[in-house]
Amino acid sequence: MHALTGLSLVSLLSFGYLSWDWAKPSLVADGPGEPGLEQPSAPPPQPPHIIFILTDDQGYHDVGYHGSDIETPTLDRLAAEGVKLENYYIQPICTPSRSQLLTGRYQIHTGLQHSIIRPRQPNCLPLDQVTLPQKLQEAGYSTHMVGKWHLGFYRKECLPTRRGFDTFLGSLTGNVDYYTYDNCDGPGVCGFDLHEGENVAWGLSGQYSTMLYAQRVSHILASHSPRRPLFLYVAFQAVHTPLQSPREYLYRYRTMGNVARRKYAAMVTCMDEAVRNITSALKRYGFYNNSVIIFSSDNGGQTFSGGSNWPLRGRKGTYWEGGVRGLGFVHSPLLKRKRRTSRALVHITDWYPTLVGLAGGTASAADGLDGYDVWPAISEGRASPRTEILHNIDPLYNHARHGSLEAGFGIWNTAVQAAIRVGEWKLLTGDPGYGDWIPPQTLAAFPGSWWNLERMASARQAVWLFNISADPYEREDLAGQRPDVVRALLARLVDYNRTAIPVRYPAENPRAHPDFNGGAWGPWASDEEEEEEEEEAGRARSFSRGRRKKKCKICKLRSFFRKLNTRLMSQRI
């Protein structure tokens, strides 16, 4: 599945600007880090505690060490003392990143290729997938989740506590009020969404979510023995919309001209302080010296809601670098070479085998994983085993006006939205999303005409090719000059697509309305619907093995309406 090719990685300066004065193959180990104290005197007496912190919609430019105007002293310090991941990739929207983190598999192998899981959809992370916390439980870990789930909840079996977490406090949907925890999925379809375990946590309403989640992490640490390995998954709601922040954080950004940027900056700084409190609790309760802290964003910043991905192209929801290049670093006393920047190619699917390996377990491509164990690359500066990334193939998003099978050399329909990185080359087909280069927002009102101008500039294309090492800003399209590379990468897309399973994107169910669940979002599926879903999953597995069976007439009719509904919902998105 993974082609081994030469790869030149991207150099990222600590101020967030990408340099052009070097090219270094990915198969060469990183340069030396700070000597001396970086070598631990002895192996840890037990598997390390693992703390994975995931932020929501934090842009590439929205951290101090990338030259931002936002204050993030904690993140800056932790990154400086650890290993900055400056060739790190995530997915462009919420659900795909979270699903790949917890399964180690690309979207094409879980059926979540299209969009996100919406609150009223009978859909969730496939139940036949063994999740990262389940693997860590097998290794003797206590597992806890705090924050945003966004991987489906229509059945109780989909809930975090049924997918490997011993405890859970957070929201099930993708977007809630930071104080009231209300979420509206359309006019009049509103409900409360804060859960503790499998119960609605009505009594915790009114507390700002970033602070509430940090307090819960501290409580978990205070009540847990450092002698038992611990996995903490902290998925902050911050800094996703709505833009809400405690007043004391807003005051320090009162001179910012752009209101959205001002609120967003306050939220980022509040989140930074929450990370400081979590780190302090790790030290206070005796966990820190045997801990590995991973920090990651989930997708690019939403540029018209305060975020910034400058100087990268694009934003959240796009396959340009601004949508898929992630913020990431690892901080740990267990790192063998600290205080350095790693340019090893890393993808969010890699955390699954990497963390399972740290826990003493095994996980590899033989288990159907798309991720690699990148701990030697991170901790020791060795070469990354990864040489390519399938960003995605979305067969339902095939509306690019100028795409065709002919334009894809007869092997690929370029109207289909897809993106792949192989070595130093990146190929995009279909509609990758809005391709602006948007500077940090400083004006009181952002000129929306820039948006339309950029769209018009690329309106007649459906294939792009970039040398990401030489052109990290994606300004020079080489598709016309290098048809040989285009054809080779299209062939890789074809190879990947042969392994894809059908998309899971069902129609919304009216019974999911919170009014039928006491005013809160929560599981709603009946036993009959659960059986039907299991039958559908079985058909999907049979399809992926090439053994589709004939269906009865009513089944065909049902399938027709499902596909029709999917098309309509895709158009709506």
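The backbone N, Cα and C atoms fix where each Cβ goes, glycine too.
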From Cys94, Cys270, the one annotated by Swiss-Prot with Asp56, Asp57, Asp298, Asn299 for Ca(2+): Cys94
Matching residue for the substrate site, where Swiss-Prot names Lys148, His240 - out of Lys316, Lys336, Lys338, Lys426: Lys316
Neighbouring C-beta atoms (10 Å sphere around the C-beta of Asp57 (Ca(2+) binding site)): 25
Listed in sequence order, residues not in Asp56, Asp57, Cys94, Asp298, Asn299 with Cβ within 8 Å of the centre of the Ca(2+) site Cβ atoms: Thr55, Gln58, Ile93, Ser97, His240, Ser297, Lys316
From Asn277, Asn289, Asn299: recorded positions whose CA lies within 10 A of Lys316 (substrate binding site): Asn299
Recorded positions near Asn299 (Ca(2+) binding site) (Cα-Cα within 10 Å), from Cys94, Lys148, His150, Asn289, Asn467, Asn497: Cys94
Asn289 (N-linked glycosylation site) versus Cys94 (active site, nucleophile) - Cα distance in angstrom: 32
8 Å Cβ shell about Lys148, His240, Lys316 centroid, substrate site members excluded: Asp56, Asp57, Cys94, Gly174, Asn175, Gln237, Val239, Thr241, Asp298, Asn299, Gln302
Spatial separation of His150 (active site) from His240 (substrate binding site) - C-alpha basis, Å: 13
